[in-house]
Amino acid sequence: MENVRAYGAGLAGANFDKNTFFKKPTVLFRCAALVFGLILWYSVSKGGWHKPSEGIHPVCLYGRSSSTCSFATAVGFFAVCGAAGLIVLDAKMDQISSIPTRRRAVLADLVVSAIFTGIFLIGFFTFWSKLSSFETDEDDENPIKTNNAKFGILSALLSFLAWGGAAFFAWRRYEEGNQATHEPNYDEQFGQVSSDVQEGYGYGGDSSGIGHVGAAPTQQSSYQSGAPPQTMQQPPANPYTQSEGYGY
């Protein structure tokens, strides 16, 4: 099983094809997650705050909670770093010859993608509810600009979809990799030959066929008089050895 294209990676040492690489669904979702994370980071850090006319410090548009704005910018920053790191990891997968190492890489991809999916889902509802509850003071004369804050909410929703798609394809790649590496080989399935074939001639008859050592010289029994021949089953075709990988 060393040459099986397990866990979405091709054979070790394969040349990197950027055209094929950037058409993979996982790579497309990660690139989208990187862009949306960057938009969230910029939108909240630049437009998620409001400066009151008589105040000294700006207040967060998300429910006047500075920790919420800090959380949004931090999540956007780490989402960019995480997406970029997973893209680089996926680009290096074809150079990894160890199947257990590939398995750990795909599992790490699945865990990170699932974590960010949950974070952005929670963040989307949190940002939405806190922005709708924001109220200004009666003596505040500065206009409130919520466009960037709303754009940050939209970025959180799109980031949730992007990371969710990446997590789904990472799970598919992990499951198919397990199926490929645990598929029994030919010896395990067909190494045990039936006793009739081992004791006879491979024709499915008994041990009294033509050429039997213990048979009398005048005995002219044929292998056709024995039991019906047993048909050997063909080994199942491995769908992973002749493919270009999973495309994930």
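Glycine too: its Cβ is placed from the backbone N, Cα and C atoms.
TrEMBL entries are annotated by machine, without manual review.
Keep in mind that this is a model prediction, so the values were computed, not measured.
For reference, TrEMBL has these:
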COMPBIAS  217-248  compositional bias 'Polar residues'
DOMAIN    21-175  domain 'MARVEL'
REGION    206-248  region 'Disordered'
TRANSMEM  27-44  transmembrane segment
TRANSMEM  71-89  transmembrane segment
TRANSMEM  110-131  transmembrane segment
TRANSMEM  151-171  transmembrane segment
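Averaged across the domain 'MARVEL' (21-175), the predicted model reaches a pLDDT of 89.
Long-range neighbours of the transmembrane segment (27-44) within the same chain, counting only residues 6 or more positions beyond its ends whose Cβ lies under 8 Å from a Cβ of the stretch, are 21, 69, 72-73, 75-80, 82-84, 86-87, 90, 116, 148-149, 151-152, 155-156, 158-159, 162-163, 165-166, 169. Distant neighbours of the transmembrane segment (151-171): 25-26, 29-30, 32-33, 36-37, 39-40, 43-44, 47-48, 72, 75-76, 79, 86, 106, 109-110, 113-114, 116-117, 120-121, 123-124, 127-128, 131, 248; these residues of the same chain sit at least 6 beyond its ends, with a Cβ under 8 Å from one of its Cβ atoms.
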